[in-house]
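J.: A single structure is presented below for examination.
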């Protein structure tokens, strides 16, 4: 554990809390991609298969439980909550996320560190997380006007990944050139996907105007 890893975890946790706050306070999931949330739930389930078999620390176990349960809660709200589900914009959220799942699984089968069930699932979760935000970004681009809480949710998700890249760089120089190329490459791809959003988020903050993305 180091400061960058901790800040990454906290910004990730904060992004989830912001999204849950939006949904429960407004009883609306307008601007939220259900497909992105389903992909994140799949990411966490595949990555944390070791939850009941490998104990690292109380902090580690709690974070795993929080991310699995919170993603499941968000998906449930969008799909089943009587009020929230009526605000879901199915016409705009049309990204074919099954393609991302299939591509990530194929990559995991071809590029992994060990050919075991858990390692394949881990690699799959890393590849899928790198692109899971795509349906959300496409939805925001189509709707153009982005409400504050949804914008903050995406911003903190991007910040989480940026802190994790700093964490990997720090570990590389302090832990005997520790490196795992799969999360490095996937993390760079994921951060690059946020670049355009960060640019417009910064402009809206600088000019104190509502965040709008180009069509």
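Even glycines carry a Cβ here, placed using N, Cα and C.
Where the annotation comes from TrEMBL, it is an automatic prediction and has not been curated.
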J.: Quick test of your reading of TrEMBL: among 79-97, 98-116, where does it put transmembrane segment?
T.: 98-116
J.: Counting only residues 6 or more past its boundaries, what in the same chain has a CB within less than 8 Å of a CB in the transmembrane segment (58-78)?
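T.: Residues 1, 9, 12-13, 16, 19-20, 23-24, 29, 32, 34, 37-38, 40-41, 44-45, 48, 51, 84-85, 88.
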J.: With Cβ-Cβ distances below 8 Å as the criterion, list the same-chain residues six or more beyond the ends of the transmembrane segment (182-202) that contact it, or say none.
T.: 111-113, 123, 126-127, 129-131, 133-134, 137, 140, 151, 154-155, 157-158, 161-162, 164-165, 168, 211-214
